[in-house]
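Listed in TrEMBL for this protein:
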TRANSMEM  B:12-29  transmembrane segment
TRANSMEM  B:49-67  transmembrane segment
TRANSMEM  B:74-91  transmembrane segment
TRANSMEM  B:97-116  transmembrane segment
TRANSMEM  B:123-143  transmembrane segment
TRANSMEM  B:163-182  transmembrane segment
TRANSMEM  B:213-235  transmembrane segment
TRANSMEM  B:247-263  transmembrane segment
TRANSMEM  B:270-289  transmembrane segment
TRANSMEM  B:295-316  transmembrane segment
Amino acid sequence: AGPEVVSGPAAQPDCFAPWSADTKFFKYPKKEGPFRIAFSNGYIANTWRIQMVQTAKAYAAQPDVKAKIKEFKVVSTGEDVPAQISAINNFIDSGYDAIVTDAQNPTAFGPVIKRAKEAGIVLVAFDNILDTKDAINVNVDQKGLGELWAKWLVEKVPNGGKILEVRGVAGTSVDTDRHNGIHEVLDASGKKWDVTEVAGKWDDGVAQKVTADAIATNGPFDGITGQGGDTGIVQAMIDAKHPFVPFGGETENGFRKFCAQHSADGLKCTSAGSGPAQVAVAIKTAIAALEGEVVPQEVKLPLAIASDPDMKEGTDYFPKESDNFFVGNSFPTCGINFSAQEIMGQTKADQ
Amino acid sequence: MKDWRYLLAEQRGTLLALGIFIVMFIIYTTNHPAGFTANVVQTAANKGVLLAFVAMAQTLVVITAGIDLSVGMILLLTNCLASWLVVGTPLETTLGVIAVLAAGLVCGAINGAIVIYGRLQPIVATIATGAVYYGIGLLLRPFPGGSVNEDLADALTGKLFDVIPTSLVALLVVVLVVWVPFSRSEFGRAAYAAGSSETAAYMSGVPIRRGKFIAYALAGVLASVGGLFLTFFTYTGEAAYASGNSYTLFSIAAVVLGGVSLFGGKGSAIGAIFGALAFRTIGDLLFVFDFDPLWQPLFQGVILLIAVSLGAFALFRVRNRLEWFL
Amino acid sequence: MDGAVPLFRMEGISKRYGGVRALEKADLEVTAGSIHAILGENGAGKSTLIKTMAGVVAPDEGRMTLDGREVSFASPAAANQAGIVCIFQELSLIPELSVADNIVISDPPKRFGMIDRRAQRQIAQEALARAGASDIHPRALVKDLPLSRRQMVEIAKALARKPRILILDEATSALTAADVAKVFEVLKRLRSEGLALLYISHRMNEIAELADHCTVFRNGRNVASYKAGTKSDNEVVELMIGREYSHIFPPKPAAAPAATPVLEARNLSWADRLDNISLSVRAGEVVGLGGLDGQGQRELLLAFFGVLRGLRGEVLIDGKQAFISSPKAASDDGIGMALIPEDRKTEGLMLPMTVRENLSFAALDRLAKGGIIDRAAEQRLIDDMVGLLAIKTAGLDIPVGALSGGNQQKVVIAKWLMRQPRIILLNDPTRGIDVGTKQEIYQLMRKLADQGAAILFYSTDYDELIGCCDRVLVLYDGSVKRELVGADITEHALIASALNIHGEGADMKQGAGA
Amino acid sequence: MSETTLGGIAGRMPKFIRRADPAVLTAFACIVILLLLGSLYSRSFLSPEYLLQQLKVASFLGVIATGMMLVILLGQIDLSVPWSVAAGAMMACAAAAYGPVGIALAIPFGVLCGVAIGIVNGIGVAYLRIPSMIITLATNAVAQGLMVVYTGGFSPQDSATAAMRYLATGFTIPGVPNAVIIWALIGAAMVFVLTRTSFGRAVYGIGNRERAAYLSGIDTRRIVMIAFAVSGGLSAFGGVLLAGYASKAAQSMGDAYLLPSIAAVVLGGTSILGGRGSYLGTVAGVILITLLQSILSVMQMPEAGRQIIYGVVIVAMLLLYGRAPASR
Ligand SMILES: Nc1ncnc2c1ncn2[C@@H]1O[C@H](COP(=O)(O)OP(=O)(O)OP(=O)(O)O)[C@@H](O)[C@H]1O
Ligand SMILES: Nc1ncnc2c1ncn2[C@@H]1O[C@H](COP(=O)(O)OP(=O)(O)OP(=O)(O)O)[C@@H](O)[C@H]1O
Ligand SMILES: O[C@@H]1[C@@H](O)[C@H](O)OC[C@H]1O
Ligand SMILES: [Mg+2]
Ligand SMILES: [Mg+2]
């Protein structure tokens, strides 16, 4: 009872952009709304995920979306993969029309994907996507992100030099993809690069610590790239009185604040990443699929990029706000325009 | 005399765990949109059995008054290993399964050797070996992947006669093949004796070291059975640090819920199994009650807090305050 | 020795613990078919000697022969294999296991490689019966049994191993007279069956009744070996302590003081263990608690000390009703109570901590100003106590666990005297303590009473009750059955009322334990 | 009974022999060896900047491990460290959103939140007699739940106040980071408490034999309760410092401190069974762990190798000096 494979383009081609030229397109049998949609999240205890869950709720509450949804259920199961698999199994057994997931493991969901397909349920993964051709994946280009950061460094450090690469959580595909992207570009540049790799675990504290260590023993560096915890990395540079150098990093507001503040001193940044609002795109995709529209099997989201010298106060960073949220939260091509403040602030007003 | 009273007293922890589990599971299934169906039970069983294996492993060590903070990492390591080895023809698959179990045995034996012959305190010793096992797991699977013999995997995570979850049958088999002989053997008794009072056991000529060593080694085997099941359940290997840690911590919770004393010498793996199933059902309750996703972790925490505090009610019956101290 | 070939012989055995010489070239000969008593004051090396025999302790030098062949045991299991079975002074039962499990622990019967639980139970029942303790259920957990029952289990366990040499290291210290009698029958039977028995006890009357041969230890050496009955008690005691010995009990004052009672109980009841107990203790008085073990004496002391919950009835201090909810409250200045607990190793002391820390532990609140310990004051008080009680220790900063039992007991007493208590509760304080130390403790008790303390004293030893107490209350089944005063305190009266013979059924069986 | 009676003998043994714990000495020796090994890789391992940087980073773990040690001395354990750290950091930052008063009270408020978690642990362990390993696991889960709800529902401020930054990264004495001074002060206070106060004695007493301590008239439940409260407070304070260091609070910031804090305490020679251990040992353990992590990180060892070496080194060091005495 799976979808029909059809030829493109997708129904809303600006938003549902196929990953590559050979991406397949799906057309599911049209169903009558309103739909029962379930969302299976894994881990929840970081800001990115909280912002993501809030965005999901806000999106589902928008009048036009709400009209199409009969029930929107969210379950967060923690870090444990089997618990998430079971949650999805339960959703399947309970007859939801579509299941959206941020998966703890890309390869572990084979049996679930099979069952969902047999039951005719639309399964959409985003952020941590699934390694499959039988469900829909929505994501930013993680490897492209690494490439982007490396290109920035190649451009700003034209003669090659010493680079500090602060990586994420070992063993995740996100970390690997980004790392590979970085190194492919650096290698291809033909310059001589001396890269010091440390693991910052996408966490400011950890990243700051390992950066401080690296500066003390292997510094100074000519350029830096960080996958996350970038506020901490800059902080460590400041604490160690390390000169400001070009930096390719994520979209944390704190990082961007630093970039804007110290741009003149040499902290030339490009900041891009995976916005938590992809969840809204994923839900949107699920609804489109249920309505029988043509959707690509892999949806590629644009990176929300802001680079020196074009970082604008009030759109790209917010000096008065927390360091801790990810600014890139809107996907205009999909009509998803939440700002992070709106998301995190809105509920504050509700309480 | 009143033999059954003694029997009841012996099994009190296990029965309490069984009771807690049944109550929770009834609440769960009666509120489940799909109800008490074979599928719902199978889903719950597959998830629960995994933790049950790890909890059994933890039980063996806890009985000796030790603790194994590396069980979760042995689970990960053997999961990664299985995702390489448990593939191919039935013969290859069988050899793979044996190799995985052997790896678990080796991990457990290393823990045992360090704790018993190295005379290190189990908590730190296993924190350290856990790091090593995780590191090896990460070497095997730098990122998630691999595969498993899917026929075997489907068979063991599926249903027997379309009703009984095979995983439960497998759990039963492991209980019969590992736990029952162990607990009734001289070495099992030595493990209990050592946990209850190591000096007394030594003075009585009990083979303490062997008993403890076997307990640790079998714990490694049971954790690797868990690792196998994880592979069957997910078709892959993954060295996920956080998940390994949470299995370790969950196993402690399961063991306590199952009436196994962390002070050693008391409790049974059967209790720990029900403890594990009950613990898993706490997570399932999220599914049937409509909780705001942000409140879900808090809900789970509070239920856990209540569950572990249940045992404290017995305290109000204590009339002699010296009984507070063991 | 009767010309018989010794079954087992130890020659020149030495063992040191750090600076302590536990054994110094000790010798011993054991013959089949006889009971050999080993005597000596606390710390003389008796336990170390038999631990060496039993494979628990590895000797530093010396040799052991069994049947003329040289042997050495790597573990207790190895000694068991050779037929040497020991009932250790510190019980070696496993609390969380059942009585039956414990009895067969070293060599359980097996079927298909697994323990045969039916056979095990059979063995246990037989062994319990042989030890005269068939009232103990084989399925009961050892931790649920009172100390006296545990000692019986320990004896049954030893018998189940079919030993050639059976060693009892103060195995009867917690037993009641009735149990002791049963055990003695068993031991005599074993002797007639050709076993060699080694018997360690501080109770002279037991040795007199049982032993064929005696060896006295002092400071790690055997100082005398003689045929039982050839020396008077006084001679033996002098051999043990290495000096003259007389007047074990201090004289009692002529008349009891007539002040208002410092400690009084009215209709005190608790659970099913204490039943309507009323009693009073005046300043300057030593009141004994008698009766068979386990008749509520320990509970009564714990009740006064604020340990028990759900107490009914009244406790009065200086005639005023008091609600004591914890040992802390009991020891506070207004009340000034102290309890010398039953088991010094788990209740009285923190064995790994130093003598100093243990001594001041109960008086910290007095030694500290604003929570900070006044170390000079601490030192002064400790010096006083160590002097007063003549505590024998290699220093104040060694672990208290390294002291011999008698000295450990003195530390327990001293730590409470540091608070200058007005009411002193003593729970069998001389168990397993040598005569010399006992004497010191008796004198101390009387001295404290003379200085105005009210003392409530539980003992399993009738001689002590007779020698020390102004009055004795005999408990039976949780209530006071009889009060004996002055000259009425006789062994006969104590035993009779302990068995409750005065009241109803004359042939009461002592079976309250299990 | 007649020979050497009397107590004045205490003074005879030289003090340093009685005091110096071989485990602590070996731990410090291991630190030196680690540094020497590191310096083979890069000269900068012996540079003052690197060493100070290590001490600064160590002081966060040091503050947290101080609380852990207190609890371990009781024979208990505190598994609620991760979210006590996070709660302390997050709540301190959150308080700063409430005007000048909030900013002034930010640090005490954060610490207080940790104390609150500790009190729940303490009630569970002391009054309900729940094994600490499990009750602290549960409170950790509850604290996590509360933080998730709070963050999602109230989007609290999460940047550190100037005072927090100053405490963690500023300098009062030139050359010595404030964090190190704070750790030194807390450590000194701890040493004083453990060795000179009745509370400290009671802690060791309870760790050795709670029953005997209770019968000695110690309010054991109060002591246990206080120890857990202190542990919670110190964890939270560690979180406050960490937030100051990173200039912001984050959810997962405590995760990396649970196992290292236990390992540090035990590497320092404190018995996990309670009743035995000295603070100096914990200092050594903290520095050891910090250095080890740092050296492995700087050597660019891949994560897998790092974990393996970390584990092996800990086992090796414990085998060197952390073994229990042989049984006979
Ligand atoms: N494990 C040990 N560590 C340190 N000292 C010990 C140890 N065992 C025995 N000793 C010391 O050896 C000496 C002899 O002890 P032993 O137990 O043999 O005496 P004992 O005659 O059995 O005394 P008691 O009548 O009190 O049982 C004592 O001074 C004791 O302190
Ligand atoms: N593992 C040990 N470590 C240190 N000292 C020990 C150890 N085991 C025994 N001892 C000490 O050895 C001595 C002899 O111990 P044992 O228990 O046989 O006799 P005791 O202490 O005199 O007890 P009791 O008075 O009950 O007979 C005691 O001083 C005891 O504390
Ligand atoms: O994609 C990542 C997300 O899964 C994690 O939770 O937070 C960091 C992000 O980069
Ligand atoms: Mg002895
Ligand atoms: Mg003794």
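Cβ atoms here come from the backbone N, Cα and C positions, even for glycine.
No curator has checked TrEMBL annotations; they are predicted automatically.
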Exercise. Among B:12-29, B:74-91, B:213-235, which stretch has the highest count of C-beta pairs below 8 Å with the transmembrane segment (B:123-143)?
Worked result: B:74-91
For this session: Mark yes when the transmembrane segment (B:74-91) and the transmembrane segment (B:213-235) have three or more Cβ pairs under 8 Å (sequence separation 6 or more) and no when they do not.
Result: yes
For this session: Would you kindly check B:12-29, B:74-91, B:97-116, B:163-182, B:270-289 and say which stretch has the most C-beta pairs under 8 angstroms to the transmembrane segment (B:247-263)?
Result: B:270-289
For this session: Determine which residues of the chain contact the transmembrane segment (B:12-29) at the Cβ level, with the cut-off under 8 Å and only residues 6 or more beyond its ends counted.
Result: 35-36, 40-41, 44, 257-260, 266-268, 270-272, 274-275, 277-278, 281-282, 284-285, 287-288, 307, 310
Exercise. What stretch in B:49-67, B:74-91, B:97-116, B:270-289, B:295-316 has the biggest tally of Cβ pairs under 8 Å against the transmembrane segment (B:163-182)?
Worked result: B:49-67
Exercise. Do at least three CB pairs under 8 A connect the transmembrane segment (B:74-91) and the transmembrane segment (B:270-289), leaving out pairs fewer than 6 apart in sequence?
Worked result: no
